[in-house]
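Enquirer: Pasting a structure here, questions to come.
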Amino acid sequence: MTNLRKTHPLMKIVNHSFIDLPAPSNISAWWNFGSLLGICLMIQILTGLFLAMHYTSDTLTAFSSVAHICRDVNYGWLIRNLHANGASMFFMCLFLHVGRGIYYGSYLYKETWNIGVILLLTVMATAFVGYVLPWGQMSFWGATVITNLLSAIPYIGMTLAEWIWGGFSVDKATLTRFFAFHFILPFIITALVIVHLLFLHETGSNNPSGINPDADKIPFHPYYTIKDALGFMFLLLVLLSLALFSPDSLGDPDNFSPANPLSTPPHIKPEWYFLFAYAILRSIPNKLGGVLALLASILILLIIPFLHTANQRSMMFRPISQTLFWILTANLMTLTWIGGQPVEQPFIIIGQLASILYFMLILILMPLAGLFENYMLKPKW
């Protein structure tokens, strides 16, 4: 009798995706982040669901309801800390996952890559609306500053901003709709993840060498299920350590004060995972220019497949491209640092230089490095 997992209509899908899936034999720990992101998403949906049972999306009670969750609900403090720090783990895994894709040339699977970029944007939108919900000072002013950027759009900008606000400023209507968005978006993300996997399984996984791995494939289970399990344990160890020992280290102290439209915090800044984009936004003195640069900093990922000039897919054997990649990584860390600093010298000029370098590396230097490496590989006799 044929095994049930190979014949049952539902189990067959699971079997082809997670059990009998042919996987390259040489994929490293950098390929763990897809499954880690899946775990992060599940943790966020579960903890978020339990938080939503006790949260009230009203300007008068939102802040108090979060305090109530932490003080009075059974393990509410733990659920909230897991949810808040789970977002940080989510973005850490996301950035490493995207970085892996750039380093090893995974972006040449264009459909998978494009769905991935859409996923990144959706997760960023979810995190942004979620940060507004506790209705602390930074929640309110972060929402005010970022939604206000819509008003930079010519002609329709202000109408658009007021439409998003549901009034003439960030208020009760804004909070209620942001809660609705924050609840629905993770399920949209889940649907997109399935599409992302669908396109990935059309081509199969890339591997560190960047060459066709079809000659040497191994079944996903038990090899990569065990390998992923190690990743899960490490992720949960880090998340629990954060949530239990230092739950507020990645948050902003201003968010412990209830939202007050009459008092502006000294430095308005988003959570750490948005600081690089915030630094690029602030580096341009013009409002519309800043908004366009902010969008370009993320949407530039969509054109990376078309900027691939090298004959080799992966950077594994391309030392010049490798050097530029690590300069890009250091540059993003610099931007993250600058995004959290006040708008004064020398931070302004450092932010502007780092922003210019960010776009130069992706648009000019890395494609040129690929061409130069092609030239160096040609026989010279």
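Note: Cβ is positioned from N, Cα and C throughout, glycine not excepted.
Grabbed the feature section from Swiss-Prot, which reads as follows:
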TRANSMEM  33-53  transmembrane segment
TRANSMEM  77-98  transmembrane segment
BINDING   HIS83, HIS182  heme b b562 binding site
BINDING   HIS97, HIS196  heme b b566 binding site
TRANSMEM  113-133  transmembrane segment
TRANSMEM  178-198  transmembrane segment
BINDING   HIS201  ubiquinone binding site
TRANSMEM  226-246  transmembrane segment
TRANSMEM  288-308  transmembrane segment
TRANSMEM  320-340  transmembrane segment
TRANSMEM  347-367  transmembrane segment
Enquirer: Between the transmembrane segment (347-367) and the transmembrane segment (33-53), are there three or more C-beta pairs closer than 8 Å, counting only pairs 6 or more apart along the chain?
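Expert: These two stretches do not touch.
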Enquirer: Please compare the binding-site residues HIS83, HIS97, HIS182, HIS196, HIS201 by how many other CB atoms fall within 10 Å of each one's CB, and tell me which has the fewest.
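Expert: Looking at the binding-site residues HIS83, HIS97, HIS182, HIS196, HIS201, the Cβ with the fewest others within 10 Å is that of HIS201.
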Enquirer: Rank 113-133, 178-198, 226-246, 320-340 by Cβ pairs under 8 Å to the transmembrane segment (77-98) and hand me the top one.
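Expert: Result: 226-246.
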Enquirer: Nearest to the residue listed as 'ubiquinone binding site' by Cα, among HIS83, HIS97, HIS182 (binding-site residues)?
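Expert: Of all the candidates listed, HIS97 is nearest in space.
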Enquirer: If we skip the immediate neighbours and take only residues 6+ beyond the ends of the transmembrane segment (178-198), which ones have a Cβ under 8 Å from one of its Cβ atoms?
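Expert: Result: 17, 38, 41, 44-45, 48, 52, 55, 57, 112, 115-116, 118-119, 122-123, 125-126, 129-130, 132-133, 143.
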Enquirer: Measure from the CA atom of HIS196 (heme b b566 binding site) to the CA atom of HIS182 (heme b b562 binding site) and give the result in Å, rounded to a whole number.
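Expert: On Cα coordinates alone, these residues lie 21 Å apart.
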Enquirer: Write down the Cα-Cα distance for HIS83 (heme b b562 binding site) and HIS196 (heme b b566 binding site), rounded and given in Å.
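Expert: Roughly 24 Å, rounded to the nearest whole number.
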